[in-house]
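Asker: Encoded as structure tokens, here's the structure I'll be asking about.
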Amino acid sequence: MRNAGGDKPFSTPVLLREMGLKTHVDDDPKTKAYRLIGYAAVTFSTVSVICFCVTMPVVFTYVQSVKRQMSHEMATCNVNARQIFDDVAALRAGFPFAQAGNRTARQAGYDVHPSKPTPVGYSGGDAAAAEVKGNSPAAAYEDKPFVAVGVEEGPHTATTGSDSEGTCHDCCLPGPPGPPGPPGRPGPNGKAGANGLNGNPGRPPEAPCEPVTPPPCPPCPAGPKGAPGQAGYPGADGQPGSQGDNGEKGSDGAAGEKGRPGPLGKIGEPGATGETGENAENSEPTPGPQGPPGAIGPVGSRGTPGHPGEDGEAGAPGAPGENGTDGENGEDGVPGVPGHDGKAGRAGERGICPKYCAKDGGIFFEDGTRR
């Protein structure tokens, strides 16, 4: 059976499926299994894409928040570390010890700022204390101006290395402490450091170490004036003032030069109508000379068509025409309903495969016969 175009034949299952009838192909378990697997694969793929579209923005937002929080904590940690190193450097330089020989120089572990004096008591004998620059983070602050803080029982005052003479120049009290920062998270435990070298044997005490109280600093003079600030924005426009008095009349000016000739004036209006002339005298008319022939006029427009004439008498019948070409084949009809199952066929012939063969030549079959 072919389609309307006659190009490709239709199979019976396809025609039945187009008609809405079930075939034995639809009841095939393999087809059902493949169809179920296809539906499941499409469903899982769609759910996976939807989950990815929903989860990706959430993960991106969480990563951004964690990154922002880590940056804030790192900045806070750097500020706290810098403050600790500043305080340690200030405390190391702010303890003046008495002239006692009961302290020996340490070999390692202390960073000495190049601009601060060597504390008394940290040198052994006549040897000067050497400047030690380690790889500790405190070495990063050597370029900053050094400020030593003296420690005593009273209020804290700032001191410098020139306090040995009892005077204080260009020193000011420190400003008020800033607001406390947010509490940081406890850091991990550091690794255990290496054991230090054995210290030198101590000397017998000669005199008790008493802190020397530095004299109070005089009030600092007023600083120089700062640079003038930037010019402010222009103010709003003021209200309009009152009208002023009329000025005095000026003197007459000099006579001007002769002006240029003006343009031509407009054409005057027509004059009044004159008086009526006298009537001519009656006389016989005299024909004038004949004029030249005029030009040929244009062709006139086409006239309207006349009324149609009456029909003539019918002519003799003509000869019959030739047979026309055959028309195209019509479309195939709707296929019929499949017929009923045929009658069961007769029983098949017995098989020729024996069940077993005896040694004496007999052949036995499953139905008990022997040949």
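Here, residue 1 is simply the first one shown, and the rest follow in order.
Cβ coordinates come from backbone N, Cα and C, glycine included.
On a predicted model such as this, the values are computed, not experimentally measured, just so you know.
According to Swiss-Prot, the record shows the following:
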- 38-60: transmembrane segment (TRANSMEM)
- 108-127: region 'Disordered' (REGION)
- 153-371: region 'Disordered' (REGION)
- 174-186: compositional bias 'Pro residues' (COMPBIAS)
- 188-201: compositional bias 'Low complexity' (COMPBIAS)
- 202-222: compositional bias 'Pro residues' (COMPBIAS)
- 223-240: compositional bias 'Low complexity' (COMPBIAS)
- 223-280: domain 'Collagen-like' (DOMAIN)
- 246-260: compositional bias 'Basic and acidic residues' (COMPBIAS)
- 314-323: compositional bias 'Low complexity' (COMPBIAS)
- 340-349: compositional bias 'Basic and acidic residues' (COMPBIAS)
Asker: Other than its close neighbours in sequence, what residues sit by the compositional bias 'Low complexity' (314-323), given a CB gap under 8 Å and a spacing of at least six beyond its ends?
Answerer: none
Asker: Quick one: average pLDDT across the domain 'Collagen-like' (223-280), no decimals.
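Answerer: Within the domain 'Collagen-like' (223-280), the model's average pLDDT equals 78.
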